[in-house]
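Asks: Before anything else, here's the structure in question.
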């Protein structure tokens, strides 16, 4: 038999009934486990990176301290080492007035120090005066070499409280520490992880000991074991009274070692703490390289929590906002992971920002595609000259001669079937049930609507249909008073409804096998026929009940699938099956010999006609009584006479696939829907040409031309398609060897780069459609291609966690590897170039935001704070301060697949996982920002992109294989943003422009 057609039939018949729940549950569980593993890996990598950055800054801070004030460095270094440990010991709460002593000789040896440590109005004097109120019985004093006890004293506890080193100092040395953060830090209790033997954390007294205008004298006497220090520290007075050091512009000196002298301790608690620390086993004093993974993790956690305490504000625990030194930072959480966003300098008061809906709105302008791959009887012609078909959640009314579209948009999930009322005006369309964003099943229904006004007349069966609606049909003998519906449940429940009242007349279980079609007998509304997998049922309504009789195949081979049926002009039933035959059915007297006494009349095969090689997918009755049949494997359309004698035939081009359905335009012209999602128009004499085309598998790659009204799409079907937004047609299509997942036009507009799922990427010439360059980066799929604004660089983001940078020459026809950006701990998802073409902002699968200096050698910019004011040529990264408000509370990090900022930088469009397109104002930095929300897609929206002049927005669905073109309007329907937008088409939507 025909293997190809049988496989197609099996997929369409059994795909929705065999183990869907179990497979989906297993896939969801596996995905959840993979997400958790990825999050754990990324958290560990982030903690290690923070720890490494912290450790790298400690020597630099020591050297800077020495450069500013060597005497204070020796004193504080002496305090850190005097108890025999390499850590900075936190004093107990009753040791708040510890004070070191400084001699006049020591001050004389270091001119300028008196201003900081002994002069009036200095910070130390202020702290000393404050300490006078504390009990002198609990002081701990320290002594400098050669200095007698009993001289001027400085409160040691206050000094440590003001000068203690924090992780924030290490990460950002240019930003002062607030007093609230220091108070928090002083209250931290000693932990086991703080006792690990490691280089000491020298207190950061730079901010406290340095004052505005302080300049170290060059006449300082250098120590015997250290080089002479000549430096200048620039400081600014902070709001809290602490000073902030200026940027370093000179070599830093090595750490100066002071002479250690014992502390004079006056409290039992301090002695006890010292004794306990000294008595700890030596095995706890592990070297940094010998520390176990457990110690490393716990220490990293401690550092991260310490940083969190310093960054977070003292507001409520649910607040996303925090402060960071002189600048501000905002925190958002995705799956429990904090992501810090730094507020740009031009935003003075973040709390006062008001998020509003943008004045721009979207109106559906055009729908590209047709659902023919898995649906039957989905193409009809109205008396108005419009062809009715559906894709995703949209029912399209396409005027064949005028080339315009109207759209019925009242469905909330994918449309699965439609039927035309006998009056040729009303239309019934049924949809799938679908699920909401929480995975809860929604309710399927059937809408009866007016094709002239696009007004919904009746909603049928809300809550009555399980999984979805598979087939619908109007009765004919009674002028369409009844509607028959078969749902997609396991029992394929068949129900009959009153169209005028919207009430259910009766319901019955039809079969456990797949059902492909249902129709009323045109001469008797009490007779209904259904067909599907291995069956033809003849139903009779009587007394408010339905009874069925199965068609008897008798001596003929029973086919696996009965694909379609029609009523001939003579009243016979003709069926097309998977064996390529047209069977003629008739009613006959009961065979008493076979069925026994009392047997009733049966429906049997009267005639078998060989029609096609492979399945007969569709049958259509012409106005003159002739029959049209469409084949699967042979792709032929055959015209038959009333008595089933072949008259004419035509073969559909192979690139369009098999024949799915047929509609008659006039006496000669036909419309043909194909299994590769195309609609053809033509005649037997002249052949057929495509008037509607689309992708046949999931799409991800989308790019708009930098100066023309065209855009490019690519997907898992290996097709690359170039579309014209003005003429609404497919300019060209080519098939690659592998699936295309991302694309971008070169700024000069002559070539386009397409990233594939194997690590390869190719460059296509737009005019010749030839591959002019072919490169490979890694062996994993590519997720983003992005040219720099001037076209001199190309960035390629891969699932191997790297960003590959290429130099571009010869107008985009020659590429040379410049470098590789290494630093992400998960796959690259999005990236953007700065307006000057020197920097890149990137997102990864573990919700990380990194910045790269491409001009400086593809280096990672570790201080993200410095990039807060950088301007970006495009904005497609889903994580960033300017787009933080597009995320909903509780998002899992994959809810937003893509976003795109308009070229005017006024709005940002968002593609989410719940079939919605959102339009936010830009920037959108506050949570719960309002937006305009638009429906139309029947699957996750994979990408969005504005055209070069912002006149249209292109959105692309995943499994629905649908491309929607939205017109951007200003302040309401009709006011387009760009006067060059097309006026050759009209889109009249039944949905409001703003939802």
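Positions of Cβ are set from backbone N, Cα and C atoms, glycine also.
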Asks: Can you identify, from 165-212, 213-260, the stretch that TrEMBL calls region 'Disordered'?
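Replies: Within the set 165-212, 213-260, TrEMBL attaches region 'Disordered' to 213-260.
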Asks: Do you know which of 275-298, 299-322, 323-346 TrEMBL annotates as region 'Disordered'?
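Replies: In TrEMBL, residues 275-298 carry the label region 'Disordered'.
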Asks: Give the range, chosen from 64-90, 91-117, 118-144, that TrEMBL lists as region 'Disordered'.
Replies: 91-117
Asks: What average pLDDT does the predicted model assign to the domain 'EML-like second beta-propeller' (699-968)?
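Replies: That stretch averages a pLDDT of 95.
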Asks: How do the residues of the repeat 'WD' (821-854) split into helix, strand and coil according to DSSP?
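Replies: Result for the repeat 'WD' (821-854), in helix, strand, coil order: 0 helix, 19 strand, 15 coil.
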